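A short write-up of the structure that comes next.
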Amino acid sequence: MGKASADGGAVLRNGSLLRRRRWNQNKPLLVMFLPVAAFFLLFKYAPMLGLAIAFKDYNFADGIWGSPWVGFANYEYLFNNPKTLNIIRNTLVLSALTVFVGFPFPVVLAILLNEVRRAWFKKWVQTLVFLPHFLNWVIVGGLVLMVFALESGFVNNALHALTGQKFPFLFHETSWIAIFVGSGIWKGAGWAAIIYLAALTSIDPSLYEAANMDGANKWKQLWNITIPGIQPTIVLMFILNIGNVMDVGFDQVYVLQNPVVVNVGEVISTWNFKVGLGAGQFSNATAMGLFESLIGLVLVLTVNQIARKFGRGLW
Amino acid sequence: MKQSWGEKAFYGVNYFILSLAALSCLLPLIHLVALSLSSGEAITLGKVGLWPVDPTWEAYRKLIQGTDIMNALRNSLVITVVGTALNMAFTVLAAYPLAKKHFYARRGLTLAIVFTMLFTAGLIPNYMLAKELGLVNTYGALWLPGLVSAYNMLILRSFFENIPEELEEAARIDGCGEWRIIGQIVLPLSLPAIATVSLFYGVNHWNSFFNVLMYINDSTKFNLSVLVQNMIQSQSLLAEMAMLDPEAFTQLTPESIKSAGVLVMVVPMLLVYPFLQKYFVKGALIGSIKG
């Protein structure tokens with residue numbers, strides 16, 4: 001009896017049967033995955049072929065493949081044109097400010113929330129600070145315009161009552177940038193704090209008890225236990241955020257933009273939309289888009305290499 | 001334990017700062033409500049803070065009568081409901097096979113999908129493809145190019161991976177096929193993940209702005225985001241309404257109608273938000289930590 005079953009096991013293990021079993025297991029999965037694969041090929045990979053028009057002089061009559069190749073002429077135009085250089089600079093400045101200025105806010109928010117002992121208070125604050133993440137930029141933009149409007153805005157009304165003067169917040173380059181960065185922090189800080197909150201719960205509470213016994217005050221506990229405890233998460237998130245420096249997004253810029261601040265407020269995505277779809281300069285817009293995507297890719301890959309050194313790479 | 005003076009100060013400051021942060025998220029919305037319910041005169045004189053002055057529903061009446069907002073609301077709902085259903089179907093189809101350790105192409109396909117998160121063809125090639133496929137000016141352009149979000153797929157996949165293999169083995173021995181296993185075991189067990197991912201997709205569709213701006217030209221097909229953004233940016237619409245009905249318009253300013261429009265977009269979100277809150281925090285964590 002024992003011998004027979006051992007033989008049976010040997011047959012099962014000897015390859016072809018196992019391979020057939022694996023094929024039978026895989027068949028339904030492959031069928032399932034087929035529509036998904038078709039989706040990725042058609043909607044994600046096929047457009048990459050369309051990137052060819054970055055190196056062509058595209059015209060509607062000849063189409064993508066019939067239009068003449070022009071090599072890097074589109075890039076020569078982009079990189080010799082002060083206006084497009086300004087747009088690239090704006091993209092970098094706005095997104096770098098978003099990343100670097102905005103970075104500490106979720107960390108501080110999470111640490112403060114973690115210190116709250118009253119559960120109901122914590123829950124209320126969390127509910128409210130997560131909320132803006134779910135409002136889109138049209139809503140947030142509308143709020144910003146109404147709060148900072150020159151004539152009937154809340155802030156200018158208050159300012160007028162206090163000083164007798166008003167200030168054109170949305171039409172002044174410096175204050176526009178401040179409002180841009182600030183509105184990004186307002187919308188995103190609560191949501192971004194979630195990951196630090198999770199990291200904070202993994203700190204061993206006995207460390208605080210021990211510190212308390214030794215007479216360490218709140219400030220010292222924060223500095224010597226809390227911060228080191230979430231440091232790996234902070235480093236990782238910081239590195240990952242740098243990977244997004246090229247990506248300032250379309251919606252936020254578009255809804256906050258106005259013609260007066262176009263000198264600091266036009267970025268690659270909005271320019272692409274206006275010049276590409278609006279004015280039909282397909283080749284230039286595609287060339288700019290490819291440039292943006294490539295820099296973004298390089299940044300993410302570099303940053304992931306660095307993150308791996310901290311043992312926390314994305315893949 | 002007795003608190004020292006320093007600790008008391010710390011907690012005091014902490015509660016104060018957090019209250020400020022929470023209020024900064026709440027007060028602008030309340031201000032918006034107050035604006036939408038106040039008379040034009042009060043708004044112009046800057047008397048409206050957090051409470052409506054000379055309360056009136058006129059802004060909402062004008063919004064419903066004088067604009068396409070009801071149609072846009074319907075469009076937003078259609079875009080969101082159909083879009084989310086399609087997203088969920090395809091995301092499950094992507095995540096389930098990739099969660100199986102014995103799936104041949106698991107690693108390669110996952111990488112191919114993650115690559116699309118890192119590198120995209122950009123605006124123009126995507127637009128040209130949609131045009132080739134005849135999707136421009138149809139909601140297909142809003143639904144199809146984003147059928148599977150790689151990020152949401154990864155969330156779902158890690159949930160599926162954590163379902164004990166033995167459960168599925170047992171079902172298989174009892175004669176269940178792959179589809180029944182998904183429908184009767186995997187999906188019911190992953191309800192929190194399904195809820196989270198549906199919420200993410202749903203919010204995305206409800207909020208979609210750029211795609212509608214890009215692909216939809218027919219103004220009767222606009223959703224709330226685009227309609228409200230146009231209202232916020234253009235004075236002409238409001239001037240037009242003033243011409244049509246100068247009498248009623250004297251009580252209003254553009255601000256009250258704009259804020260009423262924004263609120264129409266916010267309220268449905270606020271209604272579902274409390275119910276789904278317990279799910280999405282979990283989802284956000286899985287999505288951001290694991291890859």
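Cβ coordinates are placed from backbone N, Cα and C, and glycine is handled just like the others.
All TrEMBL annotations are machine predictions without curation.
Going by TrEMBL, these are the annotated features:
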TRANSMEM  A:29-55  transmembrane segment
DOMAIN    A:88-303  domain 'ABC transmembrane type-1'
TRANSMEM  A:92-113  transmembrane segment
TRANSMEM  A:134-155  transmembrane segment
TRANSMEM  A:175-201  transmembrane segment
TRANSMEM  A:222-242  transmembrane segment
TRANSMEM  A:282-303  transmembrane segment
Item to check | Long-range neighbours of the transmembrane segment (A:29-55), counting only residues six or more past its ends (CB under 8 A) | outcome: 64-65, 67, 69-72, 74, 282-283, 286-287, 289-290
Item to check | Among the ranges A:92-113, A:175-201, A:222-242, the one whose Cβ pairs under 8 Å to the transmembrane segment (A:134-155) are most numerous | outcome: A:175-201
Checklist entry - Taking a Cβ cut-off under 8 Å, which residues six or more beyond the ends of the transmembrane segment (A:175-201) line up next to it in the same chain? => result 93-94, 97-98, 101-102, 105-107, 109-111, 113-114, 126, 128-133, 135, 137, 140-141, 144, 148, 167-169, 226, 229-230, 232-234, 237, 252-253, 256, 261, 264-265
Item to check | Remote residues contacting the transmembrane segment (A:282-303) - C-beta distance under 8 A, at least 6 residues beyond either end | outcome: 50-51, 53-58, 70, 74-75, 77-78, 84, 88, 91, 239-240, 242-247, 268-269, 271-272, 275-276
